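> The structure under discussion is supplied below as structure tokens; questions concerning it will follow.
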Amino acid sequence: MSYFPWLTILVVLPIFAGSLIFFLPHKGNKVVRWYTISICLLEFLLMTYAFCYHFQLEDPLIQLKEDYKWIDVFDFHWRLGIDGLSLGSILLTGFITTLATLAAWPITRNSRLFYFLMLAMYSGQIGLFSSRDLLLFFIMWELELIPVYLLLSMWGGKRRLYSATKFILYTAGGSIFFLIGVLGMGLYGSNEPGLDLERLINQSYPATLEILLYFGFLIAYAVKLPIIPLHTWLPDTHGEAHYSTCMLLAGILLKMGAYGLIRINMELLPHAHYLFSPWLVIIGAIQIIYAASTSLGQRNFKKRIAYSSVSHMGFIIIGIGSITNIGLNGAILQILSHGFIGATLFFLAGTASDRMRLVYLEELGGISIPMPKIFTMFSSFSMASLALPGMSGFVAELVVFFGLITSPKFLLMPKTLITFVMAIGMILTPIYLLSMLRQMFYGYKLFNVPNANFVDSGPRELFILICIFLPVIGIGIYPDFVLSLSVDRVEALLSNYYPK
């Protein structure tokens with residue numbers, strides 16, 4: 001048992017160190033860049049050390065617990081703790097944020113503010129994944145919005161203000177329902193608010209109230225995940241944001257919705273989740289097909305990748321809705337797998353469009369010859385995204401498939417139908433990804449452009465790509481490494497649904 005406040009340090013360090021950026025000497029952007037990257041690296045190393053030496057994988061209970069009284073008036077505590085569900089997400093956050101700060105190297109305008117916002121976002125994400133108090137969870141959920149809004153509206157494309165406003169309206173609208181749910185849960189059945197997750201797990205509610213609470217939380221997560229029809233902010237946002245912001249959005253922000261769905265809706269409201277789960281599976285299946293076919297019609301290749309993200313989120317929703325050991329583990333695996341693959345595809349799309357100043361597929365063609373490295377990595381990650389065996393996407397989708405098929409909750413006919421729909425979605429994925437690769441990289445179009453001096457990716461970009469490629473291959477070959485983190489915790493969680 002470790003009594004050292006590891007998690008508090010992990011949550012507070014980035015935002016505290018980030019606020020010191022403004023006091024650094026004005027000697028160009030180099031100082032700020034190196035300072036930010038060293039903070040991210042330090043945070044990631046601390047995180048890895050704490051989890052390696054102070055976290056027991058065999059123990060399905062909450063570990064590294066911290067509980068400090070914060071606001072006395074209504075008994076609000078700073079409660080942190082992690083288990084197998086949050087461990088993978090926290091490590092993913094550390095890994096992707098460190099590489100995203102390295103990806104943001106070319107940013108020179110207002111770089112201090114940019115890096116501060118990235119570090120503030122880092123704190124919010126770690127805080128969300130490790131909070132054990134419902135109100136603290138909500139505060140961290142909201143802490144995320146402001147940095148993302150500013151990163152979008154200040155360092156984006158031509159329509160950045162439109163997409164930033166759309167993002168804030170959608171997410172703030174979802175947060176209203178979230179807050180109502182938090183207050184309803186905290187105030188039910190007692191005079192003073194009790195928001196401790198440990199206490200709320202044992203709380204039971206009247207059926208109508210539980211369904212209303214579930215629905216309130218679901219709307220907030222449906223915006224973040226996103227679940228159709230609340231997904232329309234995502235393509236606009238990804239189309240306009242700087243690619244380092246896109247890495248954080250695709251890699252971590254979307255996963256917060258899935259994490260909330262498991263952590264709050266599944267754990268605290270099991271009866272309502274049992275009722276809603278068939279609908280989640282149906283929506284997930286529709287989402288896979290709908291987003292894949294919409295992606296096929298996108299002219300802007302950034303938006304095409306954004307819709308592919310929405311499609312892949314469908315597998316997570318199906319895994320969560322299947323209420324089986326295998327399905328939920330598959331959903332957690334897909335959270336990590338898509339975190340790596342989605343972030344890298346946006347990074348590649350951003351670096352490619354920065355070089356060519358073009359985003360429409362019909363204007364592109366023939367870039368594989370001047371940019372062979374970008375072409376190779378783009379093809380490799382597209383293969384990972386379309387679930388090529390040997391890469392993480394394949395394992396995650398396969399495990400979700402098995403989870404749905406073995407689910408005792410669904411009859412054979414609906415299972416067969418949904419599996420068939422998922423299979424069609426998996427066939428559509430290579431169609432839109434390979435057609436995008438063909439239009440971008442093959443042909444001869446760009447050689448007719450005057451002074452076409454394209455530069456291939458340099459050592460910094462290759463370093464980022466290879467760093468992410470290794471875990472994608474690693475998870476694809478040996479998924480047990482990731483599954484072992486969550487398997488005991490998932491079993492404990494599902495014992496509420498199927499009592500022994």
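FYI, residue positions are counted from 1 along the chain as it appears here.
Quick reminder: no glycine exception, Cβ is built from N, Cα and C everywhere.
Note that this is a predicted model, so its numbers are computed, not measured.
Quick paste from Swiss-Prot:
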TRANSMEM  4-24  transmembrane segment
TRANSMEM  37-57  transmembrane segment
TRANSMEM  87-107  transmembrane segment
TRANSMEM  134-154  transmembrane segment
TRANSMEM  167-187  transmembrane segment
TRANSMEM  211-231  transmembrane segment
TRANSMEM  242-262  transmembrane segment
TRANSMEM  272-292  transmembrane segment
TRANSMEM  334-354  transmembrane segment
TRANSMEM  386-406  transmembrane segment
TRANSMEM  417-437  transmembrane segment
TRANSMEM  462-482  transmembrane segment
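Map the listed features onto the structure and describe their local environment.
Counting residues 6+ beyond its ends, the transmembrane segment (37-57) has Cβ neighbours under 8 Å at 2, 4, 6-7, 9-10, 13-14, 17-18, 63-64, 82, 84, 87, 90-91, 94-95, 97-98, 101-102, 119, 122, 126, 484-485, 488 in the same chain.
Listed as Cβ neighbours of the transmembrane segment (167-187) (distance under 8 Å, sequence separation of 6 or more from its ends, same chain) are residues 134-135, 137-138, 141-142, 145, 148-149, 152, 193-195, 200, 203, 209, 212-213, 215-217, 219-224, 230, 232-233, 236-237, 268.
Within the chain carrying the transmembrane segment (272-292), a Cβ under 8 angstroms from the stretch's Cβ atoms is held by residues 210-211, 213-214, 218, 227-228, 231, 265-266, 307-308, 310-311, 313-318, 320-323, 404, 409-410, 414, 418, 421-422, 424-426, 428-429, 431-432, 497, all 6 or more beyond its ends.
Note on the transmembrane segment (334-354): residues 88-89, 92, 96, 99-100, 103, 106, 238, 242-244, 246-252, 254-255, 258-259, 301-302, 305, 308-309, 312-313, 315-316, 319, 367, 371, 374, 377-378, 381-382, 384-385, 392-393, 395-397, 400, 440, 457, 461, 464-465, 468-469, 471-472, 475, 482 of its chain, located 6 or more positions outside it, place their CB under 8 angstroms from a CB of the stretch.
Under 8 Å from some Cβ of the transmembrane segment (417-437) lie the Cβ atoms of residues 281-282, 285-286, 288-289, 292-293, 295-296, 301, 304, 308, 311, 314-315, 318, 361, 378-379, 382, 385-387, 397, 401, 404-405, 410, all in the same chain and six or more residues away from its ends.
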> Between the stretches 4-24, 87-107, 134-154, 242-262, 462-482, which wins on the count of C-beta pairs under 8 angstroms to the transmembrane segment (386-406)?
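Out of the listed stretches, 462-482 contacts the transmembrane segment (386-406) most.
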> For the transmembrane segment (211-231), give me same-chain residues lying six or more residues beyond its boundaries with a C-beta closer than 8 angstroms to one of its C-beta atoms, as numbers and ranges.
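Hits for the transmembrane segment (211-231): 141, 170-171, 173-175, 177-178, 180-181, 184-185, 205, 253-254, 256-258, 260-261, 264-265, 269, 272-273, 275-276, 283, 286-287, 290-291, 310, 313, 316-317.
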> Are there residues at least 6 beyond the ends of the transmembrane segment (462-482) whose Cβ is under 8 Å from a Cβ of it, and what are they?
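For the transmembrane segment (462-482), the far contacts come to 88, 95, 99, 102-103, 332-333, 336-337, 340-341, 343-344, 347-348, 373, 377, 380-381, 384, 389-396, 399.
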